[in-house]
Structures are given as C-alpha cells and as structure tokens.
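Here TrEMBL flags 136 as active site, proton donor. The [4Fe-4S] cluster binding site feature in TrEMBL is assigned to 20, 106, 204. Residues annotated as isopentenyl diphosphate binding site in TrEMBL: 51, 84, 134, 232, 233, 234, 275. Positions annotated as (2E)-4-hydroxy-3-methylbut-2-enyl diphosphate binding site by TrEMBL: 51, 84, 134, 174, 232, 233, 234, 275. Positions annotated as dimethylallyl diphosphate binding site by TrEMBL: 51, 84, 134, 232, 233, 234, 275.
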C-alpha cells in the first residue's frame, strides 16, 4: 500500500508553532544547571519540566532526575521547579530543605499567581477557570490558604456557590481554549455581574497565537497532525480546535502516523504544541518525503519575538 503513496501532496506548517518563550526558558535553565553543576551535584526537577515526552527523555539522558516529591532529592543538590509553577506549600517546603532551588516557573504563570494573591488580599473569593489535576492549576490554587473555586466548563457555573457575589474575581489557566474560556467568562458575568477578572489576558500569547494559526490552517487542509504529548494541555486544545474543521491527530512523534489514512489526502497541515521541539516536525516531514512528493509551505499568521530572562543565579552561564 505504502509504495503507491508517491503522489504530490502539499504540506503546510502552521506558524507560529512549537516552543513558546516559557518552555524555551525552562529547558535552558535545566541544561545550564546540568552543564555547570552536574559534575559535583545532582540536578533534580520536580515533576516534568514541560509536558513533552521527547524533551523529558533527552534531559534524562543528560543526567537530569525527575522526582514527584521534595524528599526524593539528595541534600546539597539542585532542585528545579517546572514551568507549570508550584503552590506556596511546596515553595515553603523547598526553602526548608538543604537544596539549591532554581525556579523555572513561566513568568506568565507567575503573573496569574500574583493576580490570585492580590485579589485574595483585597478579600475577594476566587474562581479559577482551568482543568482539574493539571500541574499549573494545582500551583495556582495553592497560592492562597482560602479555597479557590475551580470551574472547568459551563455546567460547573450552575452549581457554583459563592459567599458574596460582590466580592468575586476569576483568573484562568494559561493554556486554555480562547473560545471556550470566552464562553465561560461570559456566563460568569451573566450570573455574577460584579465579578472582576482579566478577561482573556491570562491565556498566554503563545497559546492564543497557536490556536489562531491552527484555526486558519484547518480551513486549508484535509488532515492535521499536532505534535505534542497527551498530557499537554495546550496541545490537546490545538487538536480540538483543528477537529472543528478537519480530521486531526495528536501525536508524540512520526512513529504514530498511520500512512494508510493519507491515501486520499492532498493537503496535510502540521503544527506543534508549545512544549514540542521542532525536530519532531522535521521527522514527520522526512517520513512523508519517503512516501510522497511533497511541496512544503509555511502559513505565517503572527510573528513572535518574545523571550524571557533566566533566573539571576544562572545568568553568567552560556549553553
């Protein structure tokens, strides 16, 4: 069957795609820590630094040790917090350990943490729009001691009980679907007219841009492959958005592509979640080239030039 696939196919790459500034920064932090400190100290990361299988495996090969609890780290070693952020409880626990702590929390996640703390100080009850169990959500909910109400979907709003609707604020996870979140915010405002919040500004620039690009891409192609891991929130949102217009598949690598599904396809779209490296896309293109004559093009929707500083303790180093 595969031998018959040598046909002309257009492959369109969404742009922007792949790494965002927060992910690039987090990976750079881990690599710098390994390069300059791992000869005399172990380098640990609490949870996955970013939600991508390829990245985690490549960092493990460099000697990075991923742990789930702080007590798994040896005394005197380096501990890095993941890009998704941590709760105040973990932060205080880390400070009491004999570890050098490096915080790789994305600055845009930190911004949401500060919003939660500011609203809480003013006596507001806080609603977090996000996905239960996601590391970022756990970290954001853990910024304050007062309980945070989690809203995952429109129906959650029907059952929500607040203490004072005049002192109510919402924040959001940074990797949500822009369209779904807009609906949730509108319903919250209908039910609680005095609710305060950042509108869609908590959803990060990279999430919004990749969603805008995949929407446009889905109008042009017969099928879309989204490179990203199954536990990546923003990658799942890209797949869901693409599926509104065209069949879409979330894949970790080219090895998950079944070429049989491409026999009637003339235009293939490819994008990648914010934690997926470009090499994964290159490998998909290489696979397609083996079986088809492909014409490659870029759908540039928005140009990104965002970069974040790394923590002070690593700034003297270079990769």
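From the backbone N, Cα and C atoms, a Cβ is placed for every residue, glycine too.
TrEMBL entries are annotated by machine, without manual review.
Fair warning: this is a prediction, and the values are worked out from it, not measured in the lab.
A straight line from the CA of residue 232 (isopentenyl diphosphate binding site) to the CA of residue 204 ([4Fe-4S] cluster binding site) spans 15 Å. Put plainly, the binding-site residues 174, 275 were compared by Cβ crowding within 10 Å, and the winner is 275. Among the binding-site residues 84, 233, 234, 275, the ones whose Cα is located within 10 Å of the Cα of residue 106 ([4Fe-4S] cluster binding site) are 84.
A distance of 5 Å separates the Cα atom of residue 84 (isopentenyl diphosphate binding site) from that of residue 136 (active site, proton donor). Counting in whole angstrom, residue 234 (isopentenyl diphosphate binding site) lies 12 from the residue listed as 'active site, proton donor' by their C-alpha atoms. In this structure, residue 136 (active site, proton donor) is part of a helix by DSSP. Counting Cβ atoms from all protein chains shown, residue 233 (isopentenyl diphosphate binding site) has 24 others lying within 10 Å of its own Cβ.
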